[in-house]
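J.: Handing you a structure now.
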Amino acid sequence: MRQNNNITEFVLLGFSQDPGVQKALFVMFLLTYLVTVVGNLLIVVDIIASPSLGSPMYFFLACLSFIDAAYSTTISPKLIVGLFCDKKTISFQGCMGQLFIDHFFGGAEVFLLVVMACDRYVAICKPLHYLTIMNRQVCFLLLVVAMIGGFVHSAFQIVVYSLPFCGPNVIVHFSCDMHPLLELACTDTYFIGLTVVVNSGAICMVIFNLLLISYGVILSSLKTYSQEKRGKALSTCSSGSTVVVLFFVPCIFIYVRPVSNFPTDKFMTVFYTIITHMLSPLIYTLRNSEMRNAIEKLLGKKLTIFIIGGVSVLM
């Protein structure tokens, strides 16, 4: 239960108070959000609609794309509305909800990236047993484990709810997150800050290193492969490792340190909450011929149906 709390809403300071800069940022973040949602949902629909994309790798990619779209939706709409309407306030309950959902999808993505690395290891290092090991039941179980991991990680954020907030209520950020909220609490948050480092920073650091090692092991096993298979495996691994670096490096910068609010934090947060999720569909499709062909077929069918429907209406 919250005690000594007279704060009912927070003010998200955002990036700039200059109207011209806000308009430019509004256009930029709106376009980025639209590209993110359309790109990720296109991958989800494409994988569901294409029988050729029925392997476990594409199942996990569809799940990752859905999480990316949901993750971005947790942050971007509020940011965009604030820039357009100059409404920068968020209720206390809304702030806590954003914090929880943000970390839920972020935690789920971290564990899902681990699952995807394991999937690639089995596919490349044990190809004859791949479909036996990564059967449908195992895939769903791994997905559930990733989601539970995200929930457990986000459940820790509830500790902020019980902290007293007496004022000021200005968050020097564009969204609700642990570090800026802990700085506003009217109590000593040193030990809570240390648990944030463990719950977010240390986990990101450990998993990031494990993922890099796993991709290194996979790459070292490609020596015995033919040039064609080696090229395909390298393409898949390079896509996965690129997303891992783009997502984890900013997270580590933010969370592997005591509670403090650096000017660069907002821009680093934009990178791993918005930019990475926009780039993810491009990274996974540009070097994957199967994905490109499936998307071309899907868009070709939709375009044909649209043209036929339009002609029918005109006739």
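Every residue, even glycine, has its Cβ placed from backbone N, Cα and C.
So Swiss-Prot lists the following for this protein:
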type	residues	note
TOPO_DOM	1-23	topological domain 'Extracellular'
CARBOHYD	ASN6	N-linked glycosylation site
TRANSMEM	24-47	transmembrane segment
TOPO_DOM	48-55	topological domain 'Cytoplasmic'
TRANSMEM	56-77	transmembrane segment
TOPO_DOM	78-98	topological domain 'Extracellular'
DISULFID	CYS95-CYS186	disulfide bond
TRANSMEM	99-118	transmembrane segment
TOPO_DOM	119-137	topological domain 'Cytoplasmic'
TRANSMEM	138-156	transmembrane segment
TOPO_DOM	157-192	topological domain 'Extracellular'
TRANSMEM	193-216	transmembrane segment
TOPO_DOM	217-232	topological domain 'Cytoplasmic'
TRANSMEM	233-255	transmembrane segment
TOPO_DOM	256-266	topological domain 'Extracellular'
TRANSMEM	267-286	transmembrane segment
TOPO_DOM	287-315	topological domain 'Cytoplasmic'
J.: At the Cα level, what's the spacing in Å between CYS186 (disulfide bond) and the residue listed as 'N-linked glycosylation site', rounded?
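T.: Between the Cα atoms of CYS186 (disulfide bond) and the residue listed as 'N-linked glycosylation site', the distance comes to 11 Å.
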J.: Is CYS95 (disulfide bond) helix, strand or coil when read with DSSP?
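T.: For CYS95 (disulfide bond) - judged by DSSP and reduced to three states - the answer is helix.
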J.: Give me the CA-CA distance between CYS95 (disulfide bond) and ASN6 (N-linked glycosylation site), in Å, as a whole number.
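T.: Cα-Cα, rounded: 15 Å.
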J.: What number of additional C-beta atoms lies within 10 angstroms of the C-beta atom of CYS95 (disulfide bond)?
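T.: For CYS95 (disulfide bond), the 10 Å Cβ neighbour count is 25.
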J.: Could you give me three numbers for the topological domain 'Cytoplasmic' (217-232), the DSSP helix, strand and coil residue counts?
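T.: Looking at the topological domain 'Cytoplasmic' (217-232) with DSSP, the answer is 14 helix, 0 strand, 2 coil.
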J.: Which of the listed recorded positions (ASN6, CYS186) has the least company, meaning the fewest other Cβ atoms within 10 Å of its Cβ?
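T.: Among the recorded positions ASN6, CYS186, the sparsest Cβ neighbourhood within 10 Å belongs to ASN6.
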J.: Which whole-number mean pLDDT does the model give the topological domain 'Cytoplasmic' (48-55)?
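T.: The predicted confidence over the topological domain 'Cytoplasmic' (48-55), as a mean pLDDT, is 87.
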